[in-house]
Structures are given as C-alpha cells and as structure tokens.
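Look at Swiss-Prot and you will find Gly67, Pro68, Glu69, Ser70, Ser71, Gly72, Lys73, Thr74 tagged as ATP binding site.
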Amino acid sequence: MAIDEDKQKAISLAIKQIDKVFGKGALVRLGDKQVEKIDAISTGSLGLDLALGIGGVPKGRIIEIYGPESSGKTTLSLHIIAECQKNGGVCAFIDAEHALDVHYAKRLGVDTQNLLVSQPDTGEQALEILETITRSGGIDLVVVDSVAALTPKAEIDGDMGDQHVGLQARLMSHALRKITGVLHKMNTTLIFINQIRMKIGMMGYGSPETTTGGNALKFYASVRIDIRRIASLKQNEQHIGNRAKAKVVKNKVAPPFREAEFDIMFGEGISKEGEIIDYGVKLDIVDKSGAWLSYQDKKLGQGRENAKALLKEDKALADEITLKIKESIGSNEEIMPLPDEPLEEME
C-alpha cells in the first residue's frame, strides 16, 4: 500500500532535522541502506565456526564465552585472537585475573609482540580502558578475562567481610549501555570470558547454574557460548588433552543451540587436525578401515593421533580436506553432528 504523500513529506522533513542535529545517517529508510553481510572472526575450530552459522564470531558484537574451570574458555579466546591477527587485526587482552600465560598464547599462534595487554587494578579501570581503546577506532578485537575478576573499587577499598550487593552487576550494566553502540560503529568485537556460579537456594525446575556479573551481559551479548570439558584424551595411558563441547546457547546472527566438539591438547590448544578427521569420517571424505585412516589413495596413519600428526605436518593436505568438508556441509545446511563414538579411547 502506498504511503500518504503528506506523511512522506513530514517524515522527510524530520529526517533532515535529525541529520542536522545528530549527523547524516542517524535515521535512514532501510530500503535506502544496503544490507551488509556480517563479517566474522574464525574461532580456530572448524566445528564451532560451522555451529555459529557465519564462519566464526560476528564483528562489531558482544560475545560471552562461559563454562566451568579448565573447560577451555581462555584457550578458545586466544585462538580467536590468533585468527584475528592472521588477517591483520589489532587485538587487546584485558587480563583482570592477572593470569595470562604469554608462552602458552604464543604456542597457540598469538602474535604476543603486537598484542595489547592490560592488567587493571579495578573493574572500573578495566572498563574505562576498554571504552577508550574501542572509541579510538583502531582495535578489532578485545577480550576481557574475566567478568568475575572485574572487582568494583568500593569492594577493593572496603574491609574483608563488607557486603557489596549488586555492585558488579550495576558496573557491568552501566558499561554495556555505554559501549554497545560504539562497538557496532567501530566494528569492534568484544569477548567477555565468564565463570559459572550455583544459584543460592535453587530448588525445583531450571538449571542451578548462572553466570557472574548480573543479567545485563546475557541481554547485550549477540552470541553466548557454553563450553564444557566432556572427556580426557589419552595416549599410551598418558593424558594428552581434553575433549570439549561448545554449545551456542544464544545467537542473534544465525540459528542458536548448535553444538561442536573438539580436542584441546595440552600445550597446543584446539586440534584442527582432530576436527578434520572427525568431520571427514562422518562425511565419508576420510575412509576408516579398522584403525587405519586414509584420504583418497593416501594413508593418513594408523590411529587418530598418528593421522593428526601427519595432517599437522602436511598443511596443504589438511586445507584440501577442510575445503571438501565445508563444501559437503554447505553454508545453508544444518551443522553435521560429530561421530557418536569417539575415534580414540577417552574417559
């Protein structure tokens, strides 16, 4: 139905007035504005990139990665930093926990020489630094580790045992209100690492778990990823890593509730080669005969770990199989589930 001519004139006049006050583009007709594709930063995990629906975490948005201790939250965040840097991005790490392992970050592929790092004393200081570097327009990705460690100044200055109810939640709510629009305008991705707490007095239905920092982050985050350790990886009775499951519990840019599983190897991080084998076998791109794994006419190795070692050495072959996996799954199809049974002994 056509819009009344008088209404069109009135709204056009209003748009001109708004442009004068707030700048051109403050109010636009959606039909006049080209819809831009959402850019993404790879997570370093083939399965998680597929689960997120756009090939990684979206740029210009707030992301929350949460889970129990030692589940792989920081490892995943460092992989995202490494992938961003590979494409020329500038990254910052706000280490509120004062626990960043620089040597481990380097082993995951992070360019530590060019990584901006801050170890703030208070939550207010951390969030002020975050706002300043975001408004500069020169940063592509900021990781805050973690929300639980963003301690309000009043709590630090107070005595042990003092009650500071809701201080951190108010701090987070205020910061997110200020920073969300700036992140979108500057196309900066912000990742909050968060911890899990048990709800006090929780009875009956519903999950007894919750995340720290109040409810604001749950609302402002475009993507929330729940990561858990589900098994230990062993080789010759030695623990060599963990199996992790990541579930996209909220996603504003693609369908939510998709899951991905991947190996996190001690000292190495996410095993891309392990995912290539898992998805390759599931999609019949990699052949599995007994313990032997092969691709076309080439033997990859006897056992999953040997095949992973070969793919780690032969990057060209790994890239070739990865491309075939992506083509097989397709960008518009549902994520393929991982094999029901692990290819290597886990506990």
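Glycine too: its Cβ is placed from the backbone N, Cα and C atoms.
Note that this is a predicted model, so its numbers are computed, not measured.
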| task | Ten-angstrom check, please: count other Cβ atoms within 10 Å of the Cβ of Thr74 (ATP binding site), all chains counted. | result | 23
| message | Need the DSSP three-state call for Lys73 (ATP binding site) to compare against my parser. | response | helix
| request: Just jot down the residues in the same chain as Pro68 (ATP binding site), at least 6 apart in sequence, with C-beta under 8 A of its C-beta; none if empty. | output: Ile196, Arg228, Arg229
| request: Provide the number of Cβ atoms within 10 Å of the Cβ of Ser70 (ATP binding site), excluding the reference atom itself. | output: 11
| note | Surrounding the recorded ATP site, with Cβ no more than 8 Å from the Cβ centroid of Gly67, Pro68, Glu69, Ser70, Ser71, Gly72, Lys73, Thr74 and those residues left out, we find Ile227, Arg228, Arg229
